[in-house]
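Following: one structure in structure tokens, then a few remarks.
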């Protein structure tokens, strides 16, 4: 530790800390434009100048490390004069168009001009004009406002791993630009909007729609993937105007994906507002009572409870999943499947039940056991059947962050992917995994030397008919590596669905496994209840009676005989469990449109009509039930600590097909019903396909 004096206050700081960090430690905020705690130090705006004893001139506090007994002064006439001079130079070419700038009210330049700026200018020449750049459908550029802090350049290069932004020209002609008019091709591009201290980079979808002081904010989480990024929903009236990231060091730091940030316009399109039934091939809007009675009538025609099937969608909350499971159990069915692991639902005589994972009673068999914040402790990474850049962009940034620290290697088994760090592909062949498990592959030597290896298994593995066997094969590595020790667990299942871990916590762990031969016998009519399931494909769907409960008119609604309008994640207070097992809550920002209701309330009302009444009249009743079956679901923003059990790996006896892994999805922007209803996401999809 080093002792320094800031404006006469003594403070101890870590050796190597900067003057700016020392000032922050005693509560003195130093003005800055280019400095950001998550980016490398540039030191090019000079706004953070301070006076240091025995220094001939002011120094940049963001770049100067402290020394023992250093005396720092932040509020002297020299410092004020220096900051005023720097600000005057920054305003020389600034257009001063605050009334029409979307950054107004949230602009660092605006705020600091109020403190250090003058009421008149001394520059009487023509201001420099800079042509605006087209860097994609999400980020609007007004480059005349740019002050060359280079935050966007450093973010793109260091965090996003996409060096598309840079500086061109020199001196007065310096500009921030892309290479030969290329778009900024990153899943995290929207974060440069938050980083920009002026109005040079703003949101295209949000442009000219609202001012920050008109908005009401609600703290919530994102459900577009299984990371559970913390977000802030800004609303005016009953319309979402924008979504911003919320700081959570343990989950998303302060970044969010473009899908989380910009898909919100899909929440006002293709919405289901009223119950609908299909009679004689025609859809009719009806009351809730008539829709429930129509379900009861058709359910009574199903004589065998084995013909009652439920599918849990990717965006569903834990409370609704619990009631859904209990309702189907009361109807005599245990056939409840996860949409994320059952891409195709075939109903035939050759079907048989199986578990997604063996030992699903133990939580560490189906979650990512390495907390996101501890990924930086790993010293080697093996990716199996996953394109982590598309399936979990914020997990990808964590791995890239560790990669940039050095002495880190990333290997993959599966298709070759364009990740944001160097990856050695070991092949897309099951025989490669077999060689690794038997210790015959050259990679095994590196794996054995690793003290804290990280293994990440993708969702595509769970969708394979031999997925359970592949996971058990990977577990045989425990016997000669340190993947799982008394103080480290590097075994991770990467889910891509926000509902998967919560559903598995509630015991919904079965999926469909089929024999190779498909039966030609007549398919009996099934009662299929889709709870927000829009990604699943049902063979011979016209032969069955299908109930769809959800919020968008997507695939599920198109094949349904009854449509029950539910609430989106922005319209309900609900519980979700992320990929690492962390329990988090969404908060209602406004009411659902029309006659749509919260999903758990719909299931509760339906149970009464079906004479299978569920004993839950309030949210508190459901949480009381959690206390007895899964008490960890009540511990918000916490990960239930699981005792690390070192398994005695048995010889592998499973059957695995020698078929390579396939991409889970190729289009990052259209992975759920909300995104597919979003015009912004559609633009992204079409533009980035061409690039």
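From the backbone N, Cα and C atoms, a Cβ is placed for every residue, glycine too.
The shown structure was predicted, so the numbers you read here are calculated from the model rather than taken from an experiment.
The record from Swiss-Prot ties 146, 149, 152 to [4Fe-4S] cluster 2, and of the options 107, 196 it ties 196 to that site too.
Considering other CB atoms within 10 Å as the measure, the emptiest surroundings among the binding-site residues 45, 48, 62, 101, 149 are those of 101. Excluding 94, 98, 101, 107 themselves, the residues of that chain whose CB lies within 8 A of the CB mean position for the [4Fe-4S] cluster 1 site are, in sequence, 95, 96, 97, 103, 104, 109, 110, 145, 198, 199.
Between residue 196 ([4Fe-4S] cluster 2 binding site) and residue 107 ([4Fe-4S] cluster 1 binding site), the C-alpha separation comes to 9 Å. Least packed by the Cβ count within 10 Å, out of the binding-site residues 34, 98, 107, 146, 196, is 98.
Checking each of the binding-site residues 94, 98, 149, 152 against residue 48 ([2Fe-2S] cluster binding site) by C-alpha distance, the shortest gap belongs to 149. Using Cα positions, the member of the binding-site residues 45, 62, 101, 107 nearest to residue 149 ([4Fe-4S] cluster 2 binding site) is identified as 45.
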